[in-house]
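Annotated features, as they stand in TrEMBL:
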ACT_SITE  E355  active site, proton acceptor
BINDING   H354, H358, E377  Zn(2+) binding site
DOMAIN    62-247  domain 'Aminopeptidase N-like N-terminal'
DOMAIN    282-499  domain 'Peptidase M1 membrane alanine aminopeptidase'
DOMAIN    580-893  domain 'ERAP1-like C-terminal'
SITE      Y440  site 'Transition state stabilizer'
Amino acid sequence: MWLAAAAPSLARRLLFLGPPPPPLLLLLLSRSSSRRRRLHSLGLAAMPEKRPFERLPADVSPINYSLCLKPDLLDFTFEGKLEAAAQVRQATNQIVMNCADIDIITASYAPEGDEEIHATGFNYQNEDEKVTLSFPSTLQTGTGTLKIDFVGELNDKMKGFYRSKYTTPSGEVRYAAVTQFEATDARRAFPCWDEPAIKATFDISLVVPKDRVALSNMNVIDRKPYPDDENLVEVKFARTPVMSTYLVAFVVGEYDFVETRSKDGVCVRVYTPVGKAEQGKFALEVAAKTLPFYKDYFNVPYPLPKIDLIAIADFAAGAMENWGLVTYRETALLIDPKNSCSSSRQWVALVVGHELAHQWFGNLVTMEWWTHLWLNEGFASWIEYLCVDHCFPEYDIWTQFVSADYTRAQELDALDNSHPIEVSVGHPSEVDEIFDAISYSKGASVIRMLHDYIGDKDFKKGMNMYLTKFQEKNAATEDLWESLENASGKPIAAVMNTWTKQMGFPLIYVEAEQVEDDRLLKLSQKKFCASGSYVGEDCPQWMVPITISTSEDPNQAKLKILMDKPEMNVVLKNVKPDQWVKLNLGTVGFYRTQYSSAMLESLLPGIRDLSLPPVDRLGLQNDLFSLARAGIISTVEVLKVMEAFVNEPNYTVWSDLSCNLGILSTLLSHTDFYEEIQEFVKDVFSPIGERLGWDPKPGEGHLDALLRGLVLGKLGKAGHKATLEEARRRFKDHVEGKQILSADLRSPVYLTVLKHGDGTTLDIMLKLHKQADMQEEKNRIERVLGATPLPDLIQKVLTFALSEEVRPQDTVSVIGGVAGGSKHGRKAAWKFIKDNWEELYNRYQGGFLISRLIKLSVEGFAVDKMAGEVKAFFESHPAPSAERTIQQCCENILLNAAWLKRDAESIHQYLLQRKASPPTV
């Protein structure tokens, strides 16, 4: 599954989030001991106790589900008939299954060759989402058929079997019936054994209006009139392979499609809203290239005859990898050749790559339990980049990975309230909590590090062994390590257990000494903490694959070592005194580096003259910024380094720099010198802005378009005079229809005119939103509305967020945009959430969108008492699936407050000093 919140780490990388939102993980840091005392005094240092939970008993299990569902698209109900071939492994007089929001009408069990036994009681355990069917006599061991007739509701919660609202080309509002089962919501569509390890085959039939499209995991094998109603048809689908319940899917609605065949003969279709088939062509092209790429990489064929990719109007996640029927948000699948921006194309390519990887890694071989969710998501989040790099080498996507996933994971994982990659999961409410940057982005980052440590050839060999051995079965993390160990001969389990079973990551401190013609390096590792130096008895240790490069060949590792102890000395042969030495070539190892001042001094010219590779320039800057946030070095030192990026040409390096300056701007919005940091932003971004200009030049490509949008948005938001004037001129021409803005310029222009606009500007923007036919354009506008500066207009935007004009899943980004737009917006958004909590919680309960809403809305605060206020509110308004997020947010607020107290004055003095004597560039 691709989380829209994370996808693809939008707040860090993609322009169309509009105002640098409070970045997804706005982790602003401080010193440790006093802060830890405050955490404990607020009760923030430990997660609450877990609810008691038991997995389903193993005495009865399914072999095959024969399932027929009949949704009513007007009354929003459905009828279901289940006939499950089951195996009684141990004699029992009851069958326990998962069941939620479903009413069972009748149930019976017929042992093979024997008489049917009717259940005499249905005991619903609603809290545990289970039902116990009681029988008057004992069910003996052997096979039989379990029959259940039931009814349910097509809910509006974007989970289970739910309704999705859409508008026909003629303007009529209608509803589709669609599914989202991961993690634990198949039980809302039919009673089942809803655990990933309890696999079975599925024979699915849907009874639907004859003018609707009906889709499921497999191809249609029969379509015939329904005897009781001439307006309905019964559509039967082929039997699935053995699979988990969370991957089952069905869709009933109105769609057009485009299709092709992959070079391996698989039928690929992209289903779009009616009249928008053209917008499915880009995703179709990506999918048709991707399937053969994965088949070759894994050396395992795609196991189904077809794959459908379908755009769903109301969809909570970014996408979901249902086997053979992948569901997407419209913005994650549809590309309009004229009106889609470059970042949207890139997003679609990554999401398609992610979900299709799951067809093997997750669907063919499935995690044994949710503890191993990271195997699914971390792996798919890594290989999606490998796939996009294959399809679109011009995207320089691996550099973007570092800014989008690697640094994002490190921000979260430096907190006391992080969690290990492998986390024990029990109750369903706990599963939603681990769909986060640790499972996805840290998971992807440690797999990237592992791939680099093993080498591509042995990695591919190990992957093939793993997929072949466990196909149609379930596996745990240890099973993957075993396969990779057998393929490579390296101690994979020993190394990787230090990365997956304990939370956090190391800070490697390095100092150097010239000894004749050699360089002696002294390395030491300690856990990196958002609050500064680790203070504790037993400091965790990691087995760290370390690469070392020098200025002799900045793109090649001079030495590779495995650091398996707290301290190490390393000798680099034949390194001249004037050559620099750098750790972590390519920013692949999942650690931060702190250099001695002499080593750092020697590296800084490599930023200015670009002799350091882009991904290393990015990593160096990001490490320094994080060290400053943690109070290990001064923030002023980092601002000085940022000024060295004046010649920087690389989009991703600028993107990361922009994000970090956004974090600092949010922090300093709590001071009376916010305008001074905006002057600094203008100084840093003006030269690149002037070089790029407003219009594409001949020979420019994808990354130039991304960079132009990023830089103009940054300058416009900061109030750069020439940028503001030109944005207003172009916006006027756009609105009047004289000269339509190119898709890549819309976000920065919209953001700029709103940030420095009035009520008229906001009204024009809302009108553009209403007129937009494309969801991407609606989302682009929704994400920048929060930039509006005036209190009454901010209130208008917040009211708009909950209106019918905004799709339920997009309300979160509107409110988040308000919180990230200004200091006043942050306060107003928090008040709005408190005032409307019941409606918001009811809309998103149990899903990760509630966590995202909380994170975006409160994490920018920087006053100690706000941490207590947030904690108190959620104690009286519990949100179980967001408990960890709330802890992290409160921790971040305290870290922000400490950072502000520690560095605000020195930052102010530095900015004043710059003003008095501007630096020469």
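For all residues, glycine too, the Cβ spot is worked out from N, Cα and C.
Overlay of TrEMBL annotations on the structure.
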residue: H354; record: Zn(2+) binding site; Cβ neighbours (10 Å): 31
residue: E355; record: active site, proton acceptor; Cβ neighbours (10 Å): 29
residue: H358; record: Zn(2+) binding site; Cβ neighbours (10 Å): 26
residue: E377; record: Zn(2+) binding site; Cβ neighbours (10 Å): 28
residue: Y440; record: site 'Transition state stabilizer'; Cβ neighbours (10 Å): 31
### Query
Taking all residues of the domain 'ERAP1-like C-terminal' (580-893) together, what is their mean pLDDT?
95
### Message
Checking the contact step here: among the recorded positions H354, E355, H358, E377, which have a Cα within 10 Å of the Cα of Y440 (site 'Transition state stabilizer')?
### Response
E377
### Query
What Cα-Cα separation, expressed in whole Å, is found between E355 (active site, proton acceptor) and E377 (Zn(2+) binding site)?
10
